[in-house]
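Read the structure below first, then the notes.
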Amino acid sequence: TNPGFVVRITQAGLDYAHQQAIKFLEQELGQLKLQDISGDFRVLRVGKVRYEISRLYLRSFHLPHSSISLVPRVGLQVSISNAFAELDGNWRVKIYFLRDHGSFELKVENVYIKISLQLGRDALGKPTIDTSACSTHISKVHVHFSGKLGWLYNLFHAAVESRFRKLLEKQVCESVAKSVRGELQPYLRTLPVTAKLDAMTGIDYSLVAPPAATAQSLDVDLKGEFFSLAHRSAVPFSPLPVALPPDHSHMVYFGASSYFFNTAAFAYHAAGALVFNITDAVIPKAVEFRLNTTTFSAFVPQLEEMYPNAAMKFMLSAPSAPFLSIGPQGLSFQPVVDVQAYAILPGSSPAPLFLLSLVSNVSAVIDVRSGHLVGSLKVGRIKFTLKQTNVGTFQVRQLQSLVNTIASSILLPRLNERLDQGFPLPLPERIQLSKILLSFHQNFLLLGADVRYQPR
């Protein structure tokens, strides 16, 4: 299935995410809780030596050099080099009846860590991430003991360093796996794969396939589909392929296809949101005419005779969801609107007067604000025809100015008010966009941006 919405994270975007994650991992490793170490060994002409290492305290763990790389068709790989750590602790030694104790400092240098991350999606279409492999190699461990019997320390010096090396190599990878599952995975799940937009519609950003790593970017295909909350029905058209251009100057790119926008029109139409009732109460006071049969009798003379001085109502509705197109010149569509005129009669149902069909070229201006796609519509010249009349024939062209006023002064502001609220982009929590660039291509809108993470 082709996606309706595509997200591309470039190497620059991965590098930025990696910087934020490494800061957190450095903090996590700096809080490692190391278990006590004990053991014994025999020394020639000395006998059995028993030692205990306790109250281990990791003062710091530094990750000065690290990088993230894409592994095509596999996922991501994080490489950390020349890391180092410092620890404090207490020691105790027993040889026969001879005992000694003290404190020590331990320095770990030239730590190399390699982490492989596997990306996927769960049954709900949310992204998943896990460590598929992790290896740690420590080249140098140096222990400095404090105490009176220096010859004793040398007896178990090498043994302690070897135990520390194995212990740290194991616990570093355990901490990495814990951080990925306990922090990174829950954070990715803050991506809103489904969201309620208003009382009538929602949006579906679920992944249609696992994220795909290529040599240059990480591509994520989303469903990108609006739906009616009251009744979600199958969309009667399919998304076309979206081929993002080879541009990597921004951290992230969003490709919103024409399918994405057309499902919005389809969902709002299915929810009954594209029906507007216009009465005299909503006519701006600045407009010179009132919505009654006295005004319209100048164009439809028989109205004054059939319904003298009666209030009127217009019901505007779309007989079908408007279908828009996207090309290099922008976004445009040509909606059809039915306008049913009624006379409002006291104590009786509204009397149908006539039905007009309106057609106009409409262009849209798209922008991004606070992580939302916002827009506004501009209507060209309106053409209309008389589809049905209950008051006899009349010259439809004479209604042109009134219809234009109703469309531009009443209907358009209502639509633009909703579009100005916008629709959320698929962003995890605490992500803000900057340096935004919009461009139109055949069948899709391309949004390029840099990102900034806001910690709690």
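Each position is counted from 1, following the chain as shown.
Keep in mind that glycine also has a Cβ here, set from the backbone N, Cα and C atoms.
If you look up TrEMBL, you'll see CYS134-CYS173 marked as disulfide bond. Around the Cβ of CYS134 (disulfide bond), 18 further Cβ atoms fall within 10 Å across all displayed protein chains.
Residues or ranges marked as domain 'Lipid-binding serum glycoprotein N-terminal' in TrEMBL: 8-231.
Per TrEMBL, the feature domain 'Lipid-binding serum glycoprotein C-terminal' maps to 246-449.
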*asked:* Counting only residues 6+ away in sequence within the same chain, which have a CB under 8 Å from the CB of CYS173 (disulfide bond)?
replied: ILE113, THR131, CYS134, SER135, THR136
*So what's the average pLDDT for the domain 'Lipid-binding serum glycoprotein N-terminal' (8-231)?*
91
